[in-house]
Amino acid sequence: MATSKIFSYLFLQLTFILVVLDLANAQGGLNVGFYAKSCPKAEDIVKKVIFQTISTTPSLAAPLLRMHFHDCFVRGCEGSILLNSSTNQAEKDAIPNQSLRGFQIIDKAKSALEKACPGVVSCADVLAITARDVVSALNGAHWNVETGRRDGRVSNITEALMNLLPPTANITILKAGFARKGLSAKDLVVLSGGHTIGTSHCTAFSNRLYNFTGKGDTDPTLDPNYIARLKLKCKPNDQKTLVEMDPGSFKTFDQTYFTLVSKRRGLFQSDAALLDDSETKAYVQSHVAAVGKSSFFKDFGVSMVNMGRIGVLTGNAGEIRKVCSKIN
């Protein structure tokens, strides 16, 4: 009887362990240091390319960071967004020039990896590592990147445009969009802090300046003084001018984005929407002062890891592309 109980106990313990392992696999099977044996210098190789790039062209940091965002939110973090760089000319024309240059940087990093470790490191992981490194290169947050993703074989720019949350989204749409990806309201407000770097075309927010409700009016949630300043840069129907998303600090990764949002100077409606929810508003207000920078940096790393787990391919799924812009 005692022996039977021991076997039963051991069986239950083994079952528990297997369940835990299954849950880990269900979360993507990613881990920090995935390439420790197969390509031990993988992250150093990517870092070298990225830091060299940002040291001479810091304006590329934002598009490189957003490429990882967009990749994860469309089909999952499987590097499929990179396939758009080799699609037909009409699709190429729809991609901003900075993003096209971003594709080139990713290809450069991937090429260096292929020389060191052919067929080992996925393009999806290159995107994830790059996102961390561009933030670090701008004196921002640093976090350990989980790796082990494999590359998808499908990419469609129309699908991307349909699935990405627009800059006109309200808080209900934003929270629902993040929830569909398994992300929280805190992830939403923290990752929105990525708008502390980069620029935007006037077309992404011009309706707030000239025709918010179709009556030639302005957005009442946008600071009137800021509207006046933006109108000096963005004339009606301006499709070329770029505006700093975090004026005076758009090449530095810091917490000043939250100061702007709290003053009703967030560039997009999706920025202003963060003040329409008690949880996201509380986070914004608690990170206005410089003292909030360290906690924001920590939170940003956590949320980036959370986002990096969306819809990943692991094991034998997908492939390891030789060139990021095309399937093998």
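Numbers here mean position along the shown chain, with the first residue as 1.
Including glycine, each Cβ sits where the backbone N, Cα and C put it.
Database features (TrEMBL):
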- D71, V74, G76, S80, E91: Ca(2+) 1 binding site (BINDING)
- H195: heme b binding site (BINDING)
- T196, D246, D254: Ca(2+) 2 binding site (BINDING)
- 29-328: domain 'Plant heme peroxidase family profile' (DOMAIN)
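Taking the mean position of the Cβ atoms of T196, D246, D254 as the Ca(2+) 2 site, the remaining residues of that chain whose Cβ falls within 8 Å of it are G193, H195, I197, S249, F250, T252, F253, Q255, T256, Y257. Here the domain 'Plant heme peroxidase family profile' (29-328) returns a mean pLDDT of 92 for the predicted model. Checking Cα-Cα distances from D71 (Ca(2+) 1 binding site) against the binding-site residues (H195, T196, D246, D254) with a 10 Å cut-off leaves nothing; none qualify. Non-local contacts of G76 (Ca(2+) 1 binding site) by the CB criterion (under 8 A, 6+ apart in sequence, same chain) comprise G152, I310, G311, V312, L313. Rounded to a whole number, the distance between the Cα atoms of T196 (Ca(2+) 2 binding site) and V74 (Ca(2+) 1 binding site) is 22 Å. Sequence-distant neighbours of D254 (Ca(2+) 2 binding site) (same chain, six or more apart, CB under 8 Å from its CB) are N139, G140, T196, K293, listed in sequence order.
A distance of 7 Å separates the Cα atom of D246 (Ca(2+) 2 binding site) from that of the residue listed as 'heme b binding site'. Around the Cβ of D246 (Ca(2+) 2 binding site), the number of neighbouring Cβ atoms within 10 Å comes to 26.
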